[in-house]
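To start, the structure itself, in structure tokens.
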Amino acid sequence: MLGPGSAHNRRTAGGIGIGHYAGQALYFHKAATSEKPPDLMRPLTLENAYLPTRYAVDVKVDYAKPNFSGQLVAEVDRTGIDNDDEFRLVLHAHKLVIMSAQVSCESQPAKKAQIAYDRQAQTVTLTVPEKLPNKVSVHISYMGQINTIKTFKDTTQGLFKTNYSDAIEGRSDNLIIATHMQPHGARLVFPVIDELSLKVPIKLSIETRDDFSVASVGILEKKDQLEDGMAKFHFKETPPIATSVFGFVAGHFDHVEAHVSGIPVRVYALKGEAENAQAALSLITKLLPTLEDLLGCKFPLDKLDFVALPFLSDGAMENWGLVTVISSQLLIMDSDEVSLQSLHQLLAHELVHQWIGNLVTFEDWRDLWFNEAFATWFGNYALYLVGLYPNFKLNMILDYEKMMDRDCFLGSGIIPSIHDCTKSLSTGLECSTSTLFDRTAYEKGINMLNMAANLVQQDTLKVSKTYDRFSSAVSKVIQAFKFKSIKAFEFWNVVNDHASADLNAFYHSWVRQSAYPILQVSRADDTITIEQNRFIFNSDPKSQDIENSPYQVPLSIKVLDDNGDVKILNLVLSDRRTEINLPSSRLVLFNFNGSGYHRVSYSEMLIGEICSNVKYMSTEDQISFIFDSGKLLGQELYTENSLKTLIAYLRVLSQPEWKLDYEVLTMAMNYLETLNAILLHFSHYSAFQNWLARYTAELWSKLGNWDNLTNIQPNYSQNEMLSRNSILLLSRNPDSTSLCRRIFRLLMNPKPGFFVPKELLSAVFNLTMAVANQKEYKQILSMVKNSNSSILAHTNASVSELQTVAVSSLSFCESEELLAKSLNFTMTNIDSKLIELSLLGFQFKPSKHHRLKIFEWYNLHYDQWAKKSLRKGSDWAKQLASTMKNMDLIILGDIMQYDKELILKRKRFVEEKLAKLSEHGLKDIMEEIEAQNEEKKIIGKYYDRLEKEVFE
């Protein structure tokens, strides 16, 4: 399917209301109330008549030793699974040596327990051969191993130690001891029932070096000084906690601290890097109160720590109140914008886990995808609310598109459903977070959550910038299940009480079904018909022997009511087809804000009506609308309407009444560039070329202020520059060429303060090269060979970006003399990486003369290059083979198309080379070209049908 920029390798019934449609088969029909699940003891894999209700763990850790010692007191209660003959308790224990075990109670003396190991099952069984009271205490003395971590390849499970070089003196004698419990690491630290479904409080004491900073889940209550430079640290007992998110750290740290929401917040940094922890601390203190408000629950612990570690296998671990993060991701400078955005999203994700994941825990590791998806989606939403992720909703659309581009194939290319991704996951003893985490399920889970949040929010019928209804529903989940472990469906049972749609059915549908639907929307008089089918790339599901069950599709219809006000009809299509009574003049669009994971195709009769209401569309509406039109181009079933829809919409953008939105215009221009590149090689093109000249002239006039491009400030709008760059490239008229040439000359002889954004450089170089004289040509060629360092002070492009722009412009020249020089330069530098970029200009030359010129040049040198590319063991040969493949894609894949003479020459060329040369990959490349060009040929075919109707 086609993406924006792909050719350039880049992208009326009155009183409308929800009740008006209540009688139609659009809703999930759910009961008025949802039954709450009974609060029963969760099933465990270990069978025990007694279960722990509290642990007290006392460990002694000496960094210099390979082992540590520990004392465990587990208070256990009889659960009702009775055994009159003996006391028996099975605990998880891995690589632990039990020195002694006793069972005590108030009314009887302590009983020595028999100890039996099952090394394979990683368990230890304690037995007292007599009946004991319902409440007893188990006392265990044990030894364990400290895992030494030296490289990133070493696994940080259980209790581990490492050292690092500080940023002050570079000394490597800085020591750290830490734990990593997820998923089954707690059993390496103390005997325990190491399962998500059992959460009990844990009281921790640690004896270690006095000069260490020590932190755990609970707040530090006191520190006892001991002999020999040791100390004992006592921590407050935790609330009921899953063992996977319990832990502690001890070592040489600096820290920064603040107070927010009545608790201390610290970020522990490696020595000498406290300054780099300020960005994290600032974000945490800003985001924590927002999350408390959203989730209707104060942070449930007495303190919150984030700790930087030099090594951590999972990168980050959401231990409750003690989040550990690999130092390179946590300790960054404020000035690094890309890293800062990544830090914000990471911290938001881990903070959300403090409530969903830790306070409320999912009891099955197969639901890790949902736990992680929720933390990502809700964390990004929180960042959006505090102004640190303004493109949250737009980026959700872009994430949808990335998945949808892959989620529409059959056979070996099919992407499984969430259920299929997770049903075979092994949660056994040898699993790790990485083996339990399925990225596809996680990404689909984020999409599903976004749909669900919109579905709940749109019950208001109003356009809303927030998801306050959904976050309120999540707060009810926390109220119902805090300190407990739940199944995923129990989450949805509670949220379901706050939605008009049946979210349980919605959840089941999107977990069990793969791919996504396409809605075909048509009208007859005042009746809108919606039909859904599974979307399959370049195929009709009705003609395929595949599952095509209806999805639960949130329609999210944006409409105008009697007063002309915008409303959202929050309807869910669960059948194959339905109808609604709605005058088409009141329809703005389906899939408001691109909130649904599906495509929409409109019939020809609706295109004009929808385009007349573009003024009621948000940025997200318009970008989603563009994607639906653009991504369906090249699909046999949808290309005709999609081509009409896209052109009709593009026309709206050039009209005075359209409010300029550079986010939208950038996306639209990317698709227009792609369409132009395709039609240039796969159609007659002339009618479109004339239409394009008229259209870009209208856009030129609408945007205005073109001379200001010679006086841009570094704080410019990136999307504005991208839009203007596209318009310059597409217009290529005397005005645009003259402007670009003027900017180029200013760049070659810059005055102080002169600046050219990198987003403008391709237009500046390509259009200058088109009319370049000898001097200008040499200036550009010199930048290909060796980038002018003085220019770099006047643009934000890097050396490599500047060289890439320069080499990519070489064949845009119209002068035959300069074009010959460019081809000669390419030939003599054929061993240079990315030299094929020097031929890109030929892709944008419509004349047959130029197409034959590049083809004959390639044919002349092909045999020699092909033979050299076959030399075994030569890196130069491998590079040449890669270059030739890319040249094949440009010349044989694009340029030698459509025209019968060109096609015949290409056919003879391929036959001749395959016959006379050794196998060098040409056959495979031609098969790849045919597959890639299938969509382009379909677009070209429909262009010929629509030439007069659409472009004249």
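Glycine residues also receive a Cβ, built from the backbone N, Cα and C atoms like all the rest.
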Among GLU337, GLU372, GLU401 - the residue TrEMBL places in the same Zn(2+) site as HIS349, HIS353: GLU372
For the domain 'Aminopeptidase N-like N-terminal' (52-244), the mean pLDDT of the predicted model: 95
Cβ neighbour count within 10 Å of TYR442 (site 'Transition state stabilizer'): 19
Per DSSP, three-state class assigned to HIS349 (Zn(2+) binding site): helix
Sequence-distant neighbours of GLU372 (Zn(2+) binding site) in its chain (C-beta under 8 A, six or more apart): HIS349, PHE437, TYR442, GLY445
Residues flanking the Zn(2+) site, with Cβ no more than 8 Å from the Cβ centroid of HIS349, HIS353, GLU372 and excluding those residues themselves: GLU318, GLU350, VAL352, GLY357, ASN371, PHE374, ALA375, THR376, GLY379
List of residues, in chain order, with Cβ under 8 A from that of HIS353 (Zn(2+) binding site) and at least 6 apart: VAL245, GLU318, ASN371, ALA375
